[in-house]
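Read the structure below first, then the notes.
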Amino acid sequence: MTVNLLDFDLEGLAGFCEQLGEKRFRAVQLFRWIHQKGASRFEEMTDLAKSLREKLPSVCTVSGLPVLSRQDSADGTIKWLFDVGDGNAVETVFIPEDDRGTLCVSSQAGCAVGCRFCSTGHQGFSRNLTTGEILAQLWYAEHYLRRHLGTADRVITNVVMMGMGEPLQNYGALVPALRVMLDDHGYGLSRRRVTVSTSGVVPMIDRLAKDCPVALAVSLHATNDALRDVLVPLNRKYPIAELLDACLRYLPAAPRDFITFEYCMLDGVNDQPEHARELLALLRQHAGRGVPAKVNLIPFNPFPDSGLKCSPRPVVLRFGQILNEGGIVTTVRKTRGDDIDAACGQLAGDVLDRTNAARRLAQRRVDSVHPIRVVPLARHSRNEEDPA
Ligand code: SF4
């Protein structure tokens, strides 16, 4: 099988070049051509030795992903659907703002976590993406945008691993991809501007702290285990207290001095003032010292058959006000790209589900809409933003 150079971080590429009898500086040259200039044809890499340019096509390629579609939102958001083979497709979203350009990148075809409010989770899981498939999304989007805008300057300033999939369940492919994003010979993004969002894979949070600490966002969505077990099934394995302990262990390595907690606002499910006060207590008092945190409230984006509704705006604002008054900086995420179904929680490529998740979730939807609404609170105690 031909080697795809998008699968390598710089160390990997240096090792590959070594196998070809080439020195490390050749790997740096190749890496820069690929990631900084968007080149895929070796003959255009003019500072490589001619003999190497002639040798490379027989042993490797630079292969992006076929684009199945592109949708442009009225607000400037762009969504691509990339073909990853065997009937699977993943989505990638670019969100432009005045002071930054953020790319939301997928890590898996589908997702096995099966969060109750997430369109991807309802599709089930097919497979992990390779490092090359994760990077191909950034590689394509960055160079498409430069051509489109007629600039040689960097357009994508932030990457969030918040597309389809749980990135920490694809750890082996994720970390080399992150390294390419951070590498000065690659995309040169600062650690603060690359965010991994996780539903709470505790052991991998610890590994990420050692291997490649970038900004961490935790999809919390509930304030007690009874409710989170239903909304984020991974909670049954790694309950809230263990997750917050992992956050505390992560912080010394993190590029920011807080963890971002994402909280999807679901009408009548997790959006009441009591929930806000419980969340406040959780974040302020966990382990006796609290977890330095920012909270991002995400208005739920309904999708067909979700059986859930978005909290009314005044309810969202009241929730945020309680947190802000309690000393936790809280913002409400602006909905972007909702006219092209590119908003948070709406990503849903085409997935050949190998897990029967869609069937199980459909069953759970029938069984649990009402139980979700009456889950009691625990008696004690996981951009483009508007201040709440
Ligand atoms: S919210 Fe994230 S972890 Fe949960 S199902 Fe969706 S993609 Fe997976």
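Here the Cβ of each residue, glycine as well, is placed from N, Cα and C on the backbone.
Over in TrEMBL, the protein carries these features:
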ACT_SITE  E91  active site, proton acceptor
ACT_SITE  C344  active site, S-methylcysteine intermediate
BINDING   C111, C115, C118  [4Fe-4S] cluster binding site
BINDING   G165, E166, S197, S219, L220, H221, N301  S-adenosyl-L-methionine binding site
DOMAIN    97-339  domain 'Radical SAM core'
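For the domain 'Radical SAM core' (97-339), the mean pLDDT of the prediction comes to 96. Proximity to ligand 1 (Cβ under 6 Å from any of its atoms) holds for these binding-site residues out of C111, S197, L220, N301: C111. Distance noted between the C-alpha atoms of S197 (S-adenosyl-L-methionine binding site) and C115 ([4Fe-4S] cluster binding site) is 14 Å.
By the criterion of other Cβ atoms within 10 Å of the residue's own Cβ, the least surrounded of the binding-site residues C111, C115, C118, L220 is C115. The separation of E166 (S-adenosyl-L-methionine binding site) from C115 ([4Fe-4S] cluster binding site), Cα to Cα, is 10 Å. Of all the recorded positions in the list E91, G165, S219, the shortest Cα-Cα distance to C111 ([4Fe-4S] cluster binding site) is found for G165. When the Cα of E91 (active site, proton acceptor) is compared against those of the binding-site residues C118, G165, E166, H221, the shortest separation belongs to G165. For the recorded site, S197 (S-adenosyl-L-methionine binding site), the DSSP three-state label reads strand.
Most other Cβ atoms within 10 A: among the binding-site residues S197, S219, N301, that distinction falls to S219. Residues G165, E166, S197, S219, L220, H221, N301 are listed as the S-adenosyl-L-methionine binders, and the farthest two of them sit 19 Å apart at their Cα atoms.
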